[in-house]
Amino acid sequence: MALDFLSTDCPLGIVSDIISNVNTIKEYGYSSELSTTLAPRPSREQVLEYITRVVDKLKPLCRVDERLYIACGELVHLRIKARNTDLKYWLKSSEIDLSDVVEQAILEHIDFVQKTLNSFETSEYRDLCSLGLQSALKYEEMYLAKMRGGRLESMGQFFLRLATTATHYTMEQPAMARVLVSGEVGWTYIFRAFFTALAGQVVIPATPIMLFGGRDCGSMASCYLLNPRVTDMNSAIPALMEEVGPILCNRGGIGLSLQRFNTPPTEGCSRGVMALLKLLDSMTMAINSDGERPTGVCVYFEPWHADIRAILNMRGMLARDETVRCDNIFACMWTPDLFFDRYQRYVDGESGIMWTLFDDTASHLCHMYGNDFTREYERLERCGFGIDAIPIQDMAFIIVRSAVMTGSPFLMFKDACNRHYHFDMRQRGAIMGSNLCTEIIQHADETQNGVCNLASINLPKCLALPPPNIAGVPYFDFAALGRAAATATIFVNAMMCASTYPTVKSQKGVEENRSLGLGIQGLHTTFLMLDLDMASPEAHQLNKQIAERLLLNSMKASATLCKLGMQPFKGFEDSKYSRGELPFDAYPNVTLTNRNAWRRLRTDIKQYGLYNSQFVAYMPTVSSSQVTESSEGFSPVYTNLFSKVTATGEVLRPNVLLMRTIRSIFPQECARLQALSTLEAAKWSVVGAFGDLPVGHPLSKFKTAFEYDQTMLINMCADRAAFVDQSQSMSLFITEPADGKLPASRIMNLLVHAYKRGLKTGMYYCKIKKATNNGVFVGGDLVCTSCSL
């Protein structure tokens, strides 16, 4: 069957485009690299082989010529086209497995759909093709569905199934349709709104939505938070089999609170919680062994757990032997304020500051936070219930050493997460953990799981140019961001309705909370396109304004749903929202740029309610940023030359904006190549290559995450925290000193600063750039992608 399709003649239009593209590459001066020729009437298979040979030959040269990087991406899109099939075959493909309602909706509007796809080929698709090689490969290898005979879903069909799914479930709720479009509400208007936002890469769905949207396979939720009542192996096994296993098999990322499994090793149970962690590790590895999307688990513990030292030593070289090594799962410290208060006392010079560990006799501490936690913890210490006591600086060192050497634990601030939740958790029992990537804050218990559905706004698509007759530079269009936020709100709500969920407890969590996780990607790219250094006051101001507008328009859309007759989320009457409180009210010194809009929204929420309980979560966008060629999430770029190993080999992704700037500064080819040689010798660091350039120099803004002051990056997270009602997956980027000795105090000082600034996530990954690093950041190094969009 594969031979039948691939052996057919490739459409002449595709062959013509390939020849045109190759001729353009030759005009760049790369004729010698293109010695192979394409047969006069090639088959599809011959076209695939030819493009693969050409791209493989040119890939290494992308590091010195951004034009090749773009051209290779265009060639890969032509390779994709050579594998595309017609709409009729796609609709009936058993591998695509479209849901009945999606297939029926397409057939009912087939003329409009075909017209939309034809328009896409000559408009949005041209822009997509010119993004670059990594974007094209990511679509080809991961997101476009495979069919028998070597066929591949087309880009238009990919966006079609997502837009149709969202349209169908939006049309089932007239209020959702009315929020999405003004004026006439009809299927074609709703479809066009979704298709335009998706194909234009303004709204970027999470990876599960891109993989499974519109299909009768998989779940579209990204994040699951579990807090089963697990106290020993007897209660742990059912939790693993009934909740963890099904979610992992559906490719969901899991945050799992296990603090209550806190019986220290005894003769009857010689390994304590480590036996459970080893089982969980093996389960995760087994499920990932045959999946197209790796998944993961992060286990949450508080630092007073009896086995905390063993937990912190479970990965990599720190594990004493294979029986306790757990390299397939992560850990996160769910840290109370008291820990950092005591560490600060040590830093201030006070001696003898200890940290006490407790077993399950203190399990009730899990349900407490703030002053209540502190009082009870200290009472238990005075009463002698502790099983061990460690100098606070030693405990801090163990945490930091593990993070630096193994990439785990992450660290979150328990009290801040509970303090800023939309319910008063003092009456409900404290939140005990987050998700896999530390950006989702939801209450979970033995009756329901926390579940979050994600999407991000591609910020570079919110830039606009002045009218043609007016001189000026690009500017950030807040109206475009507002429209994108509202569209994303309706889109994710529609996908929430469309999705199935792996377990009953997960379904209940979705139905009762309707939690959205809207984030951003391309923040650093946006600054660069606006000619702003990330450290500039203008960038810091824009950073806050973006977060404010995202929250405002998402909440406004959700409140309007209730205003139009939909019911608020369960428990709204008991939430802070019902009292007119908004997320930023709990933060000091917040300046609003949309004060009147917030005042009107506050009134509407009190009167009508909110359809969703949560809105904004700044997630990592490791995977989806590859298809947009934007910087990941809210982080600066890691390097100016990114290396990504894919199914087709290594791909070098240059910083295209930097490369274009260098080309404009050095128009002579010999001077440009010399500048790139200098940059490569300096490990792709502009500062290392050209020194401290004056402010305003075209190259001065191209710093990497490792070159920025980490305190400043933490401050940027804190500046927008008032408008992020969930949390932010904030990583630290540390450069190792030349002598290779990295003091733990350097990282602890950053964690203390994050704590003092009131963040909820103190550290997602701690990324270390070794003194011997060549400046090429390798994708996959200690990076979890399962819930990273």
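Any Cβ shown, glycine's included, is placed from N, Cα and C.
Among the candidates G253, G472, G482, G580, the one that Swiss-Prot lists alongside T207, S222, C223, N435, L436, C437, T438, E439, P620, T621, V622, S623, S624 as binding substrate is G253. Considering only the recorded positions T207, Y764, Y765, the residue whose Cα is spatially closest to the Cα of C437 (active site, cysteine radical intermediate) is Y764. Listed in sequence order, the recorded positions from C223, N435, E439, S623 having a Cα within 10 Å of the Cα of Y764 (site 'Important for electron transfer') are E439. For C437 (active site, cysteine radical intermediate), the count of additional Cβ atoms within 10 Å of its Cβ stands at 31 [all protein chains shown]. Under the three-state DSSP scheme, T621 (substrate binding site) falls in the coil class. Close to C452 (disulfide bond) in the fold, though at least 6 residues off in sequence, lie A221, S222, C223, L225, N435, I440, Q442, S515, L516, G517, Q614, A617, Q726, each with a CB less than 8 Å from its CB. Listed recorded positions: T207, N435, T621; maximum Cβ neighbour count within 10 Å falls on N435. When the Cα positions of T207, S222, C223, G253, N435, L436, C437, T438, E439, P620, T621, V622, S623, S624 are compared pair by pair, the longest gap among these substrate-binding residues is 19 Å. With all protein chains in the displayed structure included, the most crowded Cβ environment within 10 Å among the recorded sites Y764, Y765 is that of Y764. Annotated pair T207 (substrate binding site) and Y765 (site 'Important for electron transfer'), C-alpha to C-alpha distance, rounded: 20 Å. For S623 (substrate binding site), the Cβ neighbour count at a 10 Å cut-off comes to 21, with all displayed protein chains included.
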